[in-house]
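Over in Swiss-Prot, the protein carries these features:
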type: TRANSMEM; residues: 65-85; note: transmembrane segment
type: TRANSMEM; residues: 104-124; note: transmembrane segment
type: TRANSMEM; residues: 415-435; note: transmembrane segment
type: TRANSMEM; residues: 472-492; note: transmembrane segment
type: TRANSMEM; residues: 507-527; note: transmembrane segment
type: TRANSMEM; residues: 559-579; note: transmembrane segment
type: TRANSMEM; residues: 583-603; note: transmembrane segment
Amino acid sequence: MSDRSSLFDVRSSTSVTLDQVVRRDTVEIPDEAALAMPVQPLSFWQGGARRATALTQDMNLRRWMLGLMTIAMGVAGWKASFDTIALGGVTRLEAVVLTLLAPLFLALSLWFCTALIGFVVLMGRPKDPLGIDSEAPMPKLHTRTAILMPVYNEDAAAVFARLRAMDASIAETGSARNFDIFVISDTRDAQVALAEQACFARFRREANCNVYYRIRKENTGRKAGNVADWVSRWGSAYEHMLVLDADSLMTGEAMVRLADAMERHPGAGLIQTMPMIINGQTIFARTLQFATRLYGRVAWTGLAWWSGSESSFWGHNAIVRTRAFAETCGLPHLPGPKPFGGEVMSHDALESALLRRGGWSVHLAPYLDGSYEESPSNLLDFATRDRRWCRGNIQHVPLIALPGLHWMSRMHLVIGVLSYALSPLWFFCLSAGLISRALMPELKKAAFTMADLKAAAHALIDWSEIQATAWAMIITFVLLFGPKILGAILVLARKGEVKGFGGKRRMAAGLGVEMLLSALVAPMLMFTQTRAIVEILAGKVGGWAAQRRDADKVDFKEAWAAMGWISLSGLILAASFWFTPDLLTATAPILAGLVLAVPLTMLGAHKVAGLKLKANGLFMTPEERRPPAIVRAAVGAACEPPIRWFARNGRPIGPTTKIRDAA
C-alpha cells in the first residue's frame, strides 16, 4: 500500500488546492483494463430495437390488460368530471378544463392500475422471472463484479461507514474475492477530498474486498461521465458493475444474488432493485420513509409485471453488464441550446433505453430485499433535487423520437416527462376552472356570504350536480389514495407484518397523517415544479450542487425565501374567494397547502419532532423496529481524520469542523 501519511501529518500539513490533492494522490489503483466505450450516434440507427431475451411469454397480453384498465378508469374519472362541468352547457374555458383533465386522469389511472395489479400479484405467491429467491442457498459466483461508489463533495465518514458495512456483509457470504470496490470521486473541494482519502486509508487496511480510490481532475459529464471514465479504464476486467449512490446501502446477499442472476441470464443488461428508504429522522423524511415502505412495493411489483424485459434504470442500486453498457451507453453532447442541448442531465432512463435498443434486456427485481437509500431531510432539499431531475426529464422530450428505441422505452421516457409536465397541466386546469367559475352569471348577480349561503341553502341545491360532483370526487379519491390503501391492506393480510409498522392503530394513524400531509404538499409541489419548468425553458438551468443529506432544521428566513411566494399566493387567492363561498369551499384543500407552505416546510424539517414521533411509534417501519444488521453496521465512525488539516484559506480545521459543501 502506498504511504499517505505525509498528507495528514500535522507537522507537514499545508494549505492545499484540489489540483495539489489530485497530484499527491498516490493510492494504488489496479492496472488499467481498457474497454472501448464509443459515443453513440443517437439519431442514426437502422431498423428497430434488437430482439432481447423475454422471460415472460404473455407480456403483450399483460400490457393490453393494463392499457384497457387504465383507459377505463381514466374515462370514468373524466366522464364524472364532464357531467359536473357540463350541467347548463360547456363554455370555452370549461372546454379547456375538460381537455386538460384527460391526461391528468389517464396518468392517475396508470398509477392506480399499476398498484392494483401489484397488489393482486403480491396477494398470491409470486415468483421472480429472474429466479432470484432469497430462500435459496447462497449461490457460488464465477464472475467478477465492481462496486462503484460515485461521490461528489459528500460526508466522507458517512460514505465510508456504509462501504465498510457492505464490505463486511459481502465477506459473510464468502464471495469477497468476486467483488472489488471502487470509490470514484468527482469532489471539487480540497478539504473534502482530503477527508475522503483519510477515510479510505483506514478502510483499505480493514477491507475484505479489494478496494480502490480514484479522484478525477475534471468532472466532465458529471455522474454519467464519472462512471464512463471508470468503464473506459477498468471495465474489461469486470463482467458486471454494481452502481451505487453516495447514500446507497446494500446487503452482501442482495449483491451476490444480483450477480448470480446476471450469470444465469447472459442476455440481461441491467437489473434494478427497489431501494427502501432508511434513517429518516425529520418529519418529512420519516413520512417519505413510511409511505415508500407501506405502499411502494405494490406499485413496484405492478411495474415489474407489465414492463418485463423493457424496464428502466434509476441510476443506482442496480447491477449492469459492463460490456453491454460500454457497447450501447456512450452518451454524446446533445445538439441545440439548453435546456435540450448540452450534457445529458438525467442519464439513467436514457441508458436503459439504449441498452434495450442494443438487444439487452432491462429488468426489475421486485422481490429482492436488502437494498436501501436515504431521502432528503426536508422539503427544500427535496425541491432542489426535484428541480434537477425536472431539467433532466425535460431534456428527454426530443429523445423520445430517437430511432430504434423499443416502444416501452419511449413510454418510460414519456412517463418521466409527464411526472413533471402534469404540474403545469394541473395548474392551468385549475386556473381555467376558477376563472370560468368566477365568470358564471349566477356569481355575477350576487356575491353570497357564508350566512347568505346557509339561509338560502335549500333553494340553491341542485341534486343532479351534487351527484355528479360526488362521483367525480370518489373516483379521484380512489385513483389518488387507492394505492396507499392497497398497501395497508396487504400488510394487514400478511401474518405478523403489521407489527413492523407499530401495530394496526399506529399504522392506520400513520397512513391517515401521511395522506393528509401528501394532500397538503401536493399543491406546493405543483407550484415549485411549474416554476421550475418555466425557468428551465427560459434558460435558467442551474448548476450541480452537492446534496445536503443531514440538514435537520429550516429556519423561518430560509423557508420564507424559498416558499414565501407560495404562501402569499395562497393568501391572495383565499382573500379573493372569501365572498364566493362555493369557490372557497371547493378550493379549500388546495388553498390550505399553499397558505401553509412556509410553516409546513419548517415543521417537516424538524428533527426533534420527528424523533418524538419515532419514540411514539408513528411512521414506524420494519427496518426501524428491527434494524437489519447492515443498517446497524453502517452507523459509526469509518475513518480517523488527522488531528487537523488546512482549508483553502489556510485556516486549520479539525475533525469536528463542519465540511462546507461546494456549489
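Cβ atoms are placed via backbone N, Cα and C, with glycine included.
What you see is a predicted model, and the numbers here were worked out from it, not measured in a lab.
Contact between the transmembrane segment (472-492) and the transmembrane segment (104-124) is supported by 3 or more Cβ pairs under 8 Å, counting only residues 6 or more apart in sequence.
The stretch with the most CB contacts under 8 Å to the transmembrane segment (104-124), chosen from 65-85, 415-435, 559-579, is 65-85. Listed as Cβ neighbours of the transmembrane segment (559-579) (distance under 8 Å, sequence separation of 6 or more from its ends, same chain) are residues 379-380, 383, 447-449, 523-524, 527-528, 587, 591-599, 601-602.
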